[in-house]
Amino acid sequence: MSLPTSLPELLALVDFDQRSLFISAAAIAFNPTFWNIVARREYRTKFLTRAFNGNRQAACYALAATIFSLGLLRDFLYERALRDQPSHPALQGEYINYAAYALLAVGNLFVISSTWQLGITGTFLGDYFGILMDSIVTGFPFNVTSAPMYYGSTMSFLGTALLYGKPAGILLTLHVLVVYLVAIQFENPFTAGIYAKRDKEREQAKAAGVPYEEKKEL
Ligand SMILES: *[C@@H]1O[C@H](CO)[C@@H](O)[C@H](O)[C@H]1NC(C)=O
């Protein structure tokens, strides 16, 4: 048996009678939807910062913990979905295993190093809380890809799919990729707008000869 080379071939190897498959797909789509809705609402109304008595740092950490937990739940549901799915012999060779470990290693390296570079608030939507980075991070892994978090996570999904030898995992990984590509399209212009506004205010402060201060009030 050889590897599936087209989407119809791949689909034929997936057991769509398993409810866990759809639960996993829903969890994958839910997470970025959730954090974008919450973060934009925070940007507009500061409802989270208010709930934390004006402490935007604490509010952002609370959202970070929530997003992280949702990620763990999503990963758990993904593994459960894979266990309910048929394996494929072509995905069970030694070389497939090496590829799986390589994807998991590089994927985790991207995710961990970008978190290291950005910090917790930089990683978890701090800009929506008014916690802006001083300047754009250009070091590794951002010199390799513009969205190391998303591509690293996608690689980890694929690595897990290959490790389990499950075609359904490849299908769910494609779903992950599409969800992240949509998220990037949705998020990038918005955060660019947040930074453009900050830069404009900095310019105006400079032109007026006053020191630039981030707004501290809500
Ligand atoms: C990215 O930065 C790292 C660390 O500074 C460096 O080792 C690597 O060669 C760079 N990669 C690219 C593609 O520029």
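The backbone N, Cα and C atoms fix where each Cβ goes, glycine too.
Per TrEMBL, the features are:
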- 1-18: topological domain 'Lumenal' (TOPO_DOM)
- 19-39: intramembrane segment (INTRAMEM)
- 20-38: transmembrane segment (TRANSMEM)
- 40-51: topological domain 'Lumenal' (TOPO_DOM)
- 58-78: transmembrane segment (TRANSMEM)
- 98-116: transmembrane segment (TRANSMEM)
- A105, V106, G107, E187, N188: S-adenosyl-L-methionine binding site (BINDING)
- 122-164: topological domain 'Lumenal' (TOPO_DOM)
- 128-151: transmembrane segment (TRANSMEM)
- 163-183: transmembrane segment (TRANSMEM)
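Shown on the structure are the features that TrEMBL records.
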{"residue": "A105", "record": "S-adenosyl-L-methionine binding site", "Cβ within 10 Å": "13"}
{"residue": "V106", "record": "S-adenosyl-L-methionine binding site", "Cβ within 10 Å": "17"}
{"residue": "G107", "record": "S-adenosyl-L-methionine binding site", "Cβ within 10 Å": "21"}
{"residue": "E187", "record": "S-adenosyl-L-methionine binding site", "Cβ within 10 Å": "21"}
{"residue": "N188", "record": "S-adenosyl-L-methionine binding site", "Cβ within 10 Å": "12"}
Long-range neighbours of the transmembrane segment (163-183), counting only residues six or more past its ends (CB under 8 A): 4, 10-11, 13-15, 21, 24-25, 28-29, 32, 36, 78-79, 81-83, 85-89, 91-92, 96-97, 100-101, 104, 147, 150-151, 153-154, 157
Residues of the parent chain within Cβ reach of the topological domain 'Lumenal' (40-51), under 8 Å, 6 or more residues beyond its termini: 59-60, 62-63, 125, 128-130, 190, 194, 218
Structural state of E187 (S-adenosyl-L-methionine binding site), classified by DSSP into three states: helix
Distal contacts, the transmembrane segment (58-78) - CB-CB under 8 A, six or more residues away: 20, 23-24, 27-28, 30-31, 34-35, 38-39, 42, 48-49, 51-52, 120-121, 123-126, 129, 131, 157, 160, 169, 172
For the transmembrane segment (128-151), sequence-distant contacts whose Cβ falls under 8 Å of one of its Cβ atoms, 6 or more beyond its ends: 39-40, 42-43, 48-49, 56-57, 59-60, 107, 109-111, 113-115, 117-118, 121-122, 180, 183-184, 194-195, 198, 214-215
Tertiary contacts of the topological domain 'Lumenal' (1-18), as residues 6+ beyond its ends and Cβ separation under 8 Å: 81, 84-86, 88-91, 167-168, 170-171
Local confidence of the prediction over the topological domain 'Lumenal' (40-51), expressed as mean pLDDT: 96
The topological domain 'Lumenal' (1-18), counted residue by residue under DSSP: helix, strand, coil: 5 helix, 0 strand, 13 coil
